[in-house]
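Per TrEMBL, the feature domain 'Potassium channel' maps to 97-156, 193-268. According to TrEMBL, the N-linked glycosylation site annotation covers N95. According to TrEMBL, the transmembrane segment annotation covers 21-44, 135-157, 178-203, 215-232, 244-264.
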Amino acid sequence: MLQSLASNSCVRLIQNHKSTWYFVSLILGYLLYLIFGAVVFSSVELPYEDQLRQELRAVKKQFLLENECLSEERLERFLKKALDASNYGVSILNNASANWNWDFTSSLFFASTVLSTTGYGHTAPLSDGGKAFCIIYSVIGIPFTLLFLTAVVQRIMVFSTRRPITYIHTRWGLSKQLVAIVHATLLGMLAVSCFFLIPAAIFSALEENWNFLESFYFCFISLSTIGLGDYVPGEAANQKFRELYKVGITVYLILGLIVMLVVLETFCELQQLKQLRKMFYLKKEKPQDRLAILEHDHLSFTTVSDNTGGKNEDKAKTFVTSTIW
């Protein structure tokens, strides 16, 4: 008997707090996914890092043996200076000295990466004035960019998603959910083709040291606004039409970001995904529940008031009776 009561109470507790348990499971799943990523990246990349470190030590040792007049301390200072400059996008190599990081087209490309929060990190402000302006420019520009993208995506969604789905649903009488799933799938495939596969092929042809996988990797890292900065187009020493190339990349990033948001919004409007999201959200308090709570509070207050009034009347009667006697 006690076991059945306990099991029933546990079932009721789980059902009454179902969204909370789903949310806890979501947190645990996200943490496990983070740990899984860390384990895979560490196991895959750590051997390559160790190999590169050994090669650099061997090259450094060989260089010092061939140049005995140069001490290791002086070489360390020189390398540190060169690496610090490289972190700001300034290279000491002769074949890279012709490329300027802060001409108009490069600055336009940098501004687009800042406002879109991509931030490759290959170029950064050198002066204190540039760093201060970057902060102010970002504080104003990032919300402005979000407003711009939201307005653009909202207008595009009307013509790219909502009207086509409604038209096919009313014209041929197909299920609206089925039409939405097929439309989202086709739209996603079209976006992948036009903004990942085709640009990757173009980048692999224009960039001498990039293969198709590296070019596709750059497209994904850029349009997902991850922006690691390990691959940045237009930085080769012998890059032809570099200014025009930078402007084209800037336009590609802005258009690609808009298309990615349209695709994501299209998938988010699917009923299946809406139901999935509701599993982890707090349930909104319905108006009927609010009215029931208010009525319950009103009845409780009325009962308390009646009881208090009745007690006061009894006390008054007792007082009058005692006075008469």
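In case you wondered, yes, glycine gets a Cβ from its N, Cα and C as well.
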**Complete:** Summed over the domain 'Potassium channel' (97-156), the DSSP helix, strand and coil counts are 41 helix, 0 strand, 19 coil
**Complete:** Mean pLDDT across the domain 'Potassium channel' (193-268) comes out at 90
**Asked** According to DSSP, how is the domain 'Potassium channel' (193-268) divided among helix, strand and coil residues?
**Response** 53 helix, 0 strand, 23 coil
**Fill in**
Top stretch by Cβ pairs under 8 Å to the transmembrane segment (244-264) (candidates 21-44, 178-203, 215-232) is 178-203
**Request:** Go through the chain and flag residues at least 6 beyond the ends of the transmembrane segment (178-203) whose CB is under 8 A from any CB in it; none is fine as an answer.
**Result:** 160-161, 164-165, 168-169, 210, 212, 215-216, 218-220, 223, 233, 252, 255-256, 259-260, 262-263, 266-267, 269-272
